[in-house]
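Chemist: Provided herewith is a single structure, encoded as structure tokens, for subsequent inquiry.
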Amino acid sequence: MKRDSNRNLVRKRADDSDSDDYNTFAGLEKDSGPEEMSSLSFGAIRNAQKNLDKENEDDSDSDSDSGPEENSGGYERSSYKGNNKGKGNNKEDGGPKKRLKHAPSEASSKKRVSVIRPIPGLTMTKSGADSASRDSKLYRDIRFDATYGKANEDRVREDYAFLDEYRREEIAELQAKLKKTEESYIRSQIQTQIQSLQSKLKTLEKRDFRKKVLNEHRQQQREQAKDGKNPYYLKRSDQRKLVLTEQFKTMKKKDIDRAIERRRKKITGKEKKDMFSGRD
């Protein structure tokens with residue numbers, strides 16, 4: 001106890017000496033000149049400086065506790081951290097209130113608008129959502145959906161047979177336009193369009209001819225079945241031969257020779273390919 005009392009006494013004397021040095025330094029700073037200031041010891045100057053720094057800190061703490069100051073512009077000045085920390089938490093400070101249940105939804109204006117828009121009547125599938133929707137089709141159209149079965153090609157051909165006449169008219173217009181055009185680039189584009197339309201029209205005509213030949217053969221077999229004879233239904237290879245034979249009957253000799261030569265080259269190329277692949 002005696003030792004603690006001695007320590008407290010020493011601290012009190014040290015504080016008194018510091019305060020005396022500070023008072024002396026402050027009085028000399030106000031009333032004396034530089035000659036009297038130079039007579040002070042370094043210890044007294046240091047202690048006085050510590051007391052001044054402590055007073056400045058106390059003043060700054062009292063200013064911050066008193067509230068935000070108003071600058072010359074008329075708005076409140078506060079720290080950035082304080083504003084962010086209290087944002088949305090203090091309802092008394094005018095922060096954002098809780099959203100109402102039936103309030104309209106808000107969307108960010110920075111979000112990009114999707115290129116793919118919803119189409120009424122079509123269900124949009126999200127890829128990766130489930131195993132059934134993991135395909136390249138984004139929209140499902142019931143007209144071309146495989147789950148509804150295969151399309152009736154014969155019925156489709158009958159319903160849209162009138163388009164052949166439009167294709168022929170378009171080919172005639174493009175051919176007339178080709179005669180008037182002199183630029184090579186535009187001519188090549190027109191020729192490509194003409195070849196595409198002619199190829200499509202030729203494919204449809206071949207399909208119609210094949211269907212006609214096979215229907216006639218089936219009709220003959222039905223009539224023979226009515227007469228008591230056994231019907232004979234052709235295999236696919238026999239169907240191709242029958243269609244090819246009937247096709248040659250309708251062609252000219254020049255076209256037949258050209259078709260035979262083309263077919264001979266095709267078969268020869270296939271045989272050569274099979275021969276070289278067999279060596280490997």
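Keep in mind that glycine also has a Cβ here, set from the backbone N, Cα and C atoms.
The annotation coiled coil is assigned in Swiss-Prot to 165-208 on the grounds of sequence analysis. The compositional bias 'Basic and acidic residues' annotation in Swiss-Prot covers 1-16, 268-280. Under the heading compositional bias 'Acidic residues', Swiss-Prot lists 55-68. The feature region 'Disordered' is assigned by Swiss-Prot to 1-135, 214-238, 261-280.
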Chemist: Take the coiled coil (165-208) and find every residue of the same chain, 6 or more past its ends, with a Cβ under 8 Å from one of its Cβ atoms.
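Modeler: Same-chain contacts beyond the ends: 157.
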Chemist: In this predicted model, what is the average pLDDT of the coiled coil (165-208)?
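Modeler: It averages 93.
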Chemist: On the DSSP side of things, how many residues of the region 'Disordered' (261-280) fall into helix, strand and coil, could you say?
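Modeler: Counting residues by DSSP class gives 19 helix, 0 strand, 1 coil.
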